[in-house]
Amino acid sequence: MPGVGEDLPHGQGYAANGVDRPLVDLLPSELSDLLFEGMSRSAMRLFEALDGRAGTGDILAVTQNLEDRERADLLERVFNQLAVGNVDGAGDIIRYATGQMEDLPSVPDDQLLEVEDGPDVRWLRIGSPEYEAWMKAFELRSKWQEWFLFLHRDQERVVKADYPGPAHLSGVSGSGKTCVAVRRALRLAETPGSKVLLVTLNRSLAGLLNQLVEAIAIDPEVRSRIEVSSFFQLAQKLLHKLEPANALMYDDVTWKLEEHVDEVFREFYRCWLNSDAAAVLMPLHISLNARGISAEVYLREEFDWIRSAFLLERRSEYRRIERQGRRVPITSDRREAILQGLAGWEAKMKAVGVIDYLGLTAALAQHQGDLKPSYTNILIDEAQDFGTTELAILRTLVPRGDDDLFLCGDVAQTVLPKHRSLAEAQIQGGTRAKIVQNYRNSREILSAAYAVLQQNLTEDMFDSEDLEILDPKYASFRGSAPMALSADSLSEEIPFALAYAKSSLKQGARSVCIAFAGFSARDVAAFARRCGIQALDGAYEPSQAPLVFSDLEQTKGYEFDCMIIVNCAAGVLPPRDGPEEEAYRIACKLYVAMTRARRELIVSFSGTASPWIVGAKDSFGTAFWSAVEEPDPEHRAGVPEILPEIQPEGGVESLYALTGRAFLYTSLGLGLSVETQQKLLEIVDGQGSLRGKVRLKWRTVGALLNDLHQSRRSDVIVGPVVAAELRSKLPLNLEVRAGELA
């Protein structure tokens, strides 16, 4: 495997073990023993050589040499089933032919699909070759919305069910949860006088839901009874009514400066523009830095966790509560500093006219006593990402009764650090339903994605009150092996990926997504604009923009014929500056993105591959990009840009030109010991000072390092241990320009 020093599996192609493994290995050993009983070893070897690339002609070429024609017919039927991935069907054929079952088993209703064939009605077994052929033909002749909303029997049962109160649907990735939510919303809206809310957290997914509702709600009156919204948009709407004077403030882009909320948080956290409200967090920042954890990212997530757990008047409880889902210990005195920092962050947002979605939630929660039931039914898609406070608000907006709340989700797709308690949100009891059949992904794609997920399952994922971790029932259709492709750098990965995407579209793919690991939605959206390519958002229309860029998280709810995920390198997945104990949420994001692929999946990396990809290497074919594609010669946009490390227009271009305090906020501060960080704060003050000819303080980090590398005279002031650490970790030739590091 490129990046881990292993050779390619074979010279003929780049198939993964899931495709080039012998077909007979798909059978349980007791069935293969029955199948080959009495055959010579030489004849058996011919069948053992057939792998996932074998076609009907290859199988026939082996079987036609057998003298026992009855045995030849049996082997031909079994291996043809194995070749299309129908392992269950192959097993049934063996059992029936060898007398292990008297009759072929009856097929459960939810494994049958009723289709019209001219004037007749046919029943197709899900996973059979006839089923796959019919589904492929249906996809080609239908609009993407019709294909997306196609219902199978197990989905239809949930759509039509009446529940006495809240209902919780757990569904594996690719099981059609979004389809069920849309279809169920339409059914409930057919009741005169109903007012149905279909809500999700992700604004990109909310846009998709809206398009699907528009496509399926033919009756204008029924359509008028359905409201589709992200929670952010819902909270905005309610706050505009409750606080009309603050309407401009409730946005995630400042109305004053057109800054994104991510940029505003960096400005706040790093104490730029003479604002020091976040300075109270510096002791905790130093502690997390010493552990190699990005305090800026972790504490922003901690702010989100607090606001997802408590209303403003209850935040004092944070000082002593067990932090569900958070694994880095934080003492009570440090928690007090976090609460002060959070108050400073909320004041900063208010001052600049910007807000994040949990800030909206907190603002809306202050009016919870004024909120009245506005809907007869609320359906929550991707419910696993809703925290306690958001769920409590939604509970307030619908009266208790039959079919009042419908929550659907997948714990394996939990990507946000939040407190989540249904009891505290006043959502008690409820009916549970589940769908375990994956309809979207080929067996090979789901095997690869699930292999990544299984490396990262944690206790937190099994503790959900309403949703459960489910083992997926694999789709029976097979496809090409997922590929792990390597290039020399990210700047090379991207033009290769673009060229491959364009080739896929020319060869019949209807939609292709290139997702960027390690970058935020803000980073990818800006890069997409530079490239002239659509970014995945609420306005995305597959038929108008078949090629789209996205971060990992925004892909949730969508599906693409071809999915290419770039930057899947060690240090990115999982991030080198994240706590190992909480890396599972990043793995969930990767799992989400991988399971968007319907027919073809590529993960791309440079340098060393992500350990998660290496851990699932048996599920991937491997190659170098240069062996399978030519780079797109038109791509000249480079790579996505991250937030700047140094204050823009601050007059500083090098990280070594910073003061000790400013330097500790950058990536180069990660991993420095507590003692060394405290010494940088003390002696690198932006001014410098001398006592006689002895330097006591330095103006910049670079000036200090210059003295330390030239001689040991300053070791007395700096301390020998600190001086040695600075020399080893910060060499003079590491002169880094602003913005070069994440």
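Glycine too: its Cβ is placed from the backbone N, Cα and C atoms.
All TrEMBL annotations are machine predictions without curation.
Here is what TrEMBL records for this protein:
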BINDING   Gly171, Val172, Ser173, Gly174, Ser175, Gly176, Lys177, Thr178  ATP binding site
DOMAIN    150-460  domain 'UvrD-like helicase ATP-binding'
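Within 8 A of the CB centroid of the ATP site residues Gly171, Val172, Ser173, Gly174, Ser175, Gly176, Lys177, Thr178, the other residues of that chain are Asp410, Ile435, Asn438, Tyr439, Arg440.
As a whole-number mean, the pLDDT of the domain 'UvrD-like helicase ATP-binding' (150-460) in this prediction is 92.
Under a cutoff of 8 A between CB atoms, and with a sequence separation of 6+ in the same chain, the neighbours of Thr178 (ATP binding site) are Phe148, Leu205, Leu208, Leu209, Leu212, Asp381, Gly557. When Cβ atoms from all protein chains are considered, those within 10 Å of Ser175 (ATP binding site) total 26, not counting its own.
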